[in-house]
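The block underneath contains the structure these notes are about, expressed in structure tokens.
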């Protein structure tokens with residue numbers, strides 16, 4: 001058996017940054033019967049850098065630092081906005097309890113990953129290998145989901161029970177910390193037993209992440225961005241013009257470098273902020289000039305949290321949130337590590353996952369109750385475009401961590417307008433979705449149906465968030481539809497039923513997307529028996545409310561303990577579970593039906609139209625990339641070589 005594997009830099013990045021081909025990492029691995037031959041093992045050893053030089057930032061480190069800091073700052077601002085404006089928590093208490101803990105977790109993780117990068121760099125034997133530290137920050141889906149699904153509802157429930165705003169905020173914070181602790185524990189288990197996540201198809205794993213990107217990073221954030229149309233459009237467009245790759249008629253990929261190699265993220269934020277305060281100052285903005293901009297400055301520290309006080313409550317109410325978010329970060333982390341390894345950074349999956357898991361767990365003990373940490377997907381950008389090393393991660397960890405202590409993170413979230421700093425999430429949405437459709441290993445064009453199918457649960461979650469913000473009464477559409485119709489006399493029973501279905505499809509949406517995408521992908525690959533297994537697992541998860549929970553708070557349950565209702569909602573878990581079990585059996589039965597090959601008519605190509613592209617050698621036509629021989633059969637594989645428009 002002979003297997004050849006080529007990994008190359010993005011050619012556009014090399015052209016744009018004038019990278020010397022001799023320094024580009026282009027591994028060639030050969031696997032032959034009887035042993036492995038790795039040409040990298042015989043490369044000339046390089047000189048080791050001094051420890052001090054590892055901490056001296058370069059221009060690329062400053063750009064990467066700006067990007068990481070702005071990404072995290074946008075997450076902090078988003079979290080504050082949801083808790084303060086979405087649920088009415090006092091801003092001073094949010095700044096006191098909810099910001100220092102996550103900042104502390106980022107500092108621990110960033111410093112640890114920097115040390116790991118320096119260790120690998122010091123022990124690297126290959127020449128021409130640049131080690132870029134894997135960036136770490138707040139997980140954006142968790143930063144949106146936990147305030148909306150855990151902390152916010154816990155705050156409202158505490159107030160409803162008679163607590164003051166202060167006590168209710170503290171109660172919600174403790175519940176959040178306990179939930180984050182459980183997420184960290186599940187991540188820790190999966191980092192050791194990583195084989196469990198490998199059973200899912202790449203389509204399920206990638207599309208679950210992309211669905212969150214589309215719904216919660218794209219649709220949800222664009223509503224906030226365009227609350228100030230002028231500021232939002234200008235900030236967003238500057239960022240896209242700066243970061244998106246372009247293509248000319250010859251098929252070449254083009255990019256720009258701003259003067260002094262300034263980050264486009266920073267420029268869009270500064271321009272948007274200046275424009276916002278100018279328009280509000282002269283009275284032509286949609287909103288008024290905010291008062292007491294500097295009056296909400298609070299220095300704080302990571303408060304120790306007694307998470308075991310509410311651990312049982314968190315496990316009972318939030319397990320359908322804990323497991324999917326842990327799986328999501330584990331999957332996205334593996335993708336980040338895969339990307340780093342493809343360019344020669346020999347990170348071990350186990351150690352990066354352990355560092356992230358332990359950072360989340362430690363953070364939960366010190367007040368990280370509203371989000372979790374995660375390795376950022378920007379590693380390839382920082383390596384290929386910025387040529388950053390490890391010092392940017394060290395500095396960003398210290399800047400963010402100390403910002404939680406000295407309070408300037410909370411101050412910046414108050415000063416910087418949301419339409420100026422949130423556009424970065426739109427770019428991240430584009431990047432995640434594009435990578436899912438085009439560059440994810442194991443995903444082919446015919447999988448697009450499964451990807452779209454796996455997007456649906458996230459879209460239902462977005463719709464349910466909006467429904468819940470209109471009125472919490474609407475979340476009782478399954479439990480008590482009569483209450484909804486009494487509160488809204490003009491609403492029909494059909495509409496109430498549709499709202500209830502949206503809620504069922506939204507609860508546990510990440511896990512649902514993971515299983516939907518995986519099962520349909522296996523069907524498209526004619527592996528119906530595998531698909532039937534995942535559908536049967538969905539039946540079990542639905543039965544206990546881990547997905548498709550009928551409870552308004554998405555709590556897990558045993559269906560026979562659900563209070564009986566004259567509307568019959570207590571029977572719904574049985575119906576949904578039976579439906580999954582039935583289609584699993586049908587799928588298994590179809591696996592025994594003999595298949596036949598379908599011949600498609602050949603595609604006619606206009607030779608005149610594509611003549612210049614063929615001559616240039618830079619066309620977007622499909623070309624063969626590698627070949628595999630296995631015993632007496634030779635398989636030819638090709639991939640669509642559309643260059644990514646993203647950095």
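Here the Cβ of each residue, glycine as well, is placed from N, Cα and C on the backbone.
Within its own chain, the transmembrane segment (73-91) is flanked in space by residues 98-99, 102-103, 137-138, 140, 143-144, 147-148, 151-152, 155-156, 165-166, 169, 172, 221, 224, 296, 370-371, 409-410, 412-414, 416, 418, 421-422, 424-425, 469, which lie at least six positions past its ends and keep a Cβ under 8 Å from the stretch. Residues or ranges marked as transmembrane segment by TrEMBL: 73-91 (among others).
Same-chain neighbours of the transmembrane segment (97-119): 51, 54, 72, 76, 79-80, 83, 131-138, 151, 169-170, 173, 176-177, 300-303, 305, 345, 347, 351-352, 355-356, 358-360, 362-364, 366-371, 373, 375, 389-391, 393-394, 396-398, 400-405, 409-410, 413, counting only residues six or more beyond its ends whose CB sits under 8 Å from a CB of the stretch. As annotated by TrEMBL, transmembrane segment applies to 97-119 (among others).
Here TrEMBL flags 131-158 (among others) as transmembrane segment.
Residues or ranges marked as transmembrane segment by TrEMBL: 170-190 (among others). Beyond its flanks by at least six residues, the transmembrane segment (170-190) meets 89, 93, 97-98, 101, 142, 146, 150-152, 154-155, 158, 163, 196-197, 305-311, 313-315, 317-319, 321-323, 325-327, 329-330, 353-354, 356-358, 360-361, 363-365, 367-372 of its own chain at Cβ-Cβ distances under 8 Å.
Positions annotated as transmembrane segment by TrEMBL: 202-219 (among others).
Away from its own ends, the transmembrane segment (225-244) comes close to residues 256, 258, 264-265, 267-269, 271-272, 275-276, 279, 285-287, 417-424, 426-427, 430, 645-647 of its chain (Cβ-Cβ under 8 Å, at least six residues beyond either end). Feature annotation from TrEMBL assigns transmembrane segment to 225-244 (among others).
Using a Cβ-Cβ cut-off under 8 Å and counting only residues 6 or more beyond its ends in the same chain, the transmembrane segment (256-279) has close neighbours at 16, 59, 63, 66-67, 70-71, 228, 230-232, 234-236, 238-239, 241-243, 285, 289, 415-417, 419-421, 423-424. The annotation transmembrane segment is assigned in TrEMBL to 256-279 (among others).
Residues annotated as transmembrane segment in TrEMBL: 351-371 (among others). Beyond the transmembrane segment (351-371), the same-chain residues lying 6 or more positions past its ends with a Cβ under 8 Å from any Cβ of the stretch are 75, 79, 83, 97-98, 100-102, 104-106, 108-109, 112-113, 116, 134, 136, 138-139, 142-143, 146-147, 150-151, 172-181, 183-185, 187-188, 190-191, 194, 302-305, 307, 329-330, 333-334, 336-337.
The annotation transmembrane segment is assigned in TrEMBL to 392-413 (among others).
With a threshold of 8 Å between CB atoms, the same-chain residues lying at least 6 positions outside the transmembrane segment (449-470) that come near it are 86, 148, 201, 203-204, 206-208, 210-212, 214-216, 219-220, 436-437, 443, 499, 502-503, 505-506, 509-510, 512-514, 516-517, 520-521, 523-524. The feature transmembrane segment is assigned by TrEMBL to 449-470 (among others).
Residues or ranges marked as transmembrane segment in TrEMBL: 531-550 (among others).
Residues 504, 519, 523, 528-529, 531-533, 535-536, 538-540, 542-543, 548, 559 of the same chain sit 6 or more residues outside the transmembrane segment (574-593) yet have a Cβ under 8 Å from a Cβ within it. Annotation comment: TrEMBL describes 574-593 (among others) as transmembrane segment.
Against the transmembrane segment (392-413), the recorded stretches 131-158, 202-219, 531-550 differ in Cβ pairs under 8 Å, and the greatest number is found for 131-158.
Within the chain, the transmembrane segment (131-158) has long-range Cβ neighbours (under 8 A, six or more residues past its boundaries) at 64, 68, 71-72, 75-76, 78-79, 82-83, 86-89, 98, 102, 106, 109-110, 113-114, 116-118, 120-121, 124, 167-169, 171-173, 175-176, 179-180, 183, 212, 216-217, 220, 314, 317-318, 321, 325, 328-329, 336-337, 340, 345, 347, 352, 355-356, 359, 369-376, 378-379, 382-383, 388-390, 392-394, 396-397, 400, 425, 428, 465, 472, 510, 553-554.
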